[in-house]
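Everything below concerns the one structure shown next.
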Amino acid sequence: MSESKETSEKGARTMLEIQPVQQPLNAVVEVPGSKSISNRALPIAALATGTSTLRNMLFSDDSRYFMSCLQKLGFQLEIDEDTKTVVVEGLGGTLPSHDGILDLFVGNAGTAARFLTAFVSIGVGTYRIDGIPRMRERPIQDLIDALQTLGVSIRSELGTGCPPVLVEANGLPGGEVSIPGNKSSQYLSALLLTAPYANRDVEIKVSGELLSAPYIDMTIRMMSQFGVQVETHGDNVFHIAAGQRYKARDYIVEPDASSASYFAAAPAIAGGRVRVTNLSRDSLQGDALFAGLLEQMGCQVRWGTDYIEVEKRDGQTLRGIDVDLNEMSDTTMTLAVVAPFASTPTTIRNIGHIRIKETDRIHAVVTELRKLGVQVEEWEDGMRIYPASQIRPAEIDTYDDHRMAMAFALVGLRVNGVKIKDPGCVSKTFPTYFEVFTKMCNPTTT
Ligand SMILES: O=C(O)C1=C[C@@H](OP(=O)(O)O)[C@@H](O)[C@H](O)C1
Ligand SMILES: C=C(OP(=O)(O)O)C(=O)O
């Protein structure tokens, strides 16, 4: 890979040209800890009674923002980046007191913004949760409304329905609440994670469809791993009995399955095989099933107890698939870059909500695939990608979206002249992505 500097109005930004591989891939890779699990383990450990040791934690923008917010809130964290360990002194459901407004900056971390908004409601005093300009465009009103119903004084400070959020906290009264499930599952996870510390039982009813459902299972399973039970009634009612307390513990964070998707997809594009270690189908993360889509497209997938391996043999062709990707929408970009290399079209459905993530991801994917000469149809809630007999070189815009950079780099494994603009944006969830990527291409490199 070669790096060059380009100067834009925003200042100097690098551009990375990906070199196509000369032979089939044959690599074993390990990816960093899961963002979603790290950013759940942190608030749970902070609420727990006693000291928790969190291992294999992710160190990236999203988890660093979460850790620094907890420190700002007055929690003691012993952070050791070399061993990827964070020791958290839980305060048993109290937040240290403060004067004036306590400002919490979450960058563009959706999990931090949403989980901390509910989390601070158990404190006493005023908190402001804010982020980068894009975070100020990401809705949070449904969570604000739900917390108001549960008795919290909270508002979108600029009246936009987005951060900054101002919380005048005086404990979480609790009760019954209904919340729409059609924008982000993170609102429901935020309520669930904090609910045990309400003054009375909390019952949450999700109105309408609940998107990104596997993340709710992850929340409930992690709460249970720390000793708190959520009662579910059907698919859409969640009851949390008051008085339950998280128990501090030693906890190992799984590798990030969304990060793993790029390495699973690499052989589908470049040929050969790649094994991702320490991840299995039996994961807390819905995205661990991404390799199943590659299997449907014609790749060989081996599901080990502690690895997932994907292989595409020489001369083998892939077929397109028609898939509802609502349950693993963070892998949309990964699937979208594999799709042009298949022999029939690929249709990705039911992902309208990804237009309100780091960027409008449907539009970003469609725009950049078209730059590469790929024919794509764009719909409000999905896209259809056609096989491309020839893909042309292009400079790929990444829209400050880590997944755009990580996914489109894969095209460069097979096509000459693919350049990724602002590759540093991968720091949101995977700062070492291009190092692991280079290692995958040259497995003998140490
Ligand atoms: O709860 C979580 O950890 C996440 C839920 C998903 O968001 P939505 O529920 O907004 O789809 C996912 O896209 C995000 O990366 C992480
Ligand atoms: C959507 C994502 O993140 P966030 O937690 O900011 O919503 C993502 O990581 O793809």
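One-based numbering along the chain as shown.
Any Cβ shown, glycine's included, is placed from N, Cα and C.
Predicted automatically and left uncurated, TrEMBL annotations should be read as such.
In TrEMBL this protein carries:
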type	residues	note
ACT_SITE	Asp330	active site, proton acceptor
BINDING	Lys35, Ser36, Arg40, Ser184, Ser185, Gln186, Ser212, Asp330, Lys357	3-phosphoshikimate binding site
BINDING	Lys35, Gly110, Arg138, Gln186, Arg361, Arg403, Lys428	phosphoenolpyruvate binding site
DOMAIN	22-436	domain 'Enolpyruvate transferase'
(request) Please give the greatest C-alpha separation between any two of the 3-phosphoshikimate-binding residues Lys35, Ser36, Arg40, Ser184, Ser185, Gln186, Ser212, Asp330, Lys357, in angstrom, as a whole number. (result) 19
(message) Please compute the mean pLDDT of the model over the domain 'Enolpyruvate transferase' (22-436).
(response) 98
(request) Enumerate same-chain residues with a sequence separation of six or more from Lys357 (3-phosphoshikimate binding site) and a Cβ-Cβ distance below 8 A; give 'none' if the list is empty. (result) Gly110, Arg138, Asp401
(request) Starting from Arg403 (phosphoenolpyruvate binding site), work out which of the binding-site residues listed here (Lys35, Arg40, Ser185, Ser212) have their Cα within 10 Å, and give them in sequence order. (result) none
(request) Taking the Cβ of Asp330 (active site, proton acceptor) as the reference point, list residues of the same chain whose Cβ is under 8 angstroms away and which are at least six residues distant in sequence. (result) Ser258, Ser261, Asp287, Arg403
(request) Could you say which of the binding-site residues Lys35, Arg138, Lys428 has its Cβ with the most other Cβ atoms inside 10 Å? (result) Lys35
(message) List every residue in the same chain as Arg361 (phosphoenolpyruvate binding site), at least 6 positions away in sequence, whose Cβ is under 8 Å from its Cβ.
(response) Thr332, Met333, Ile351, Ile354, Arg355, Asp401, Arg403, Met404
(request) Specify the count of other C-beta atoms within 10 Å of the C-beta of Arg403 (phosphoenolpyruvate binding site). (result) 30
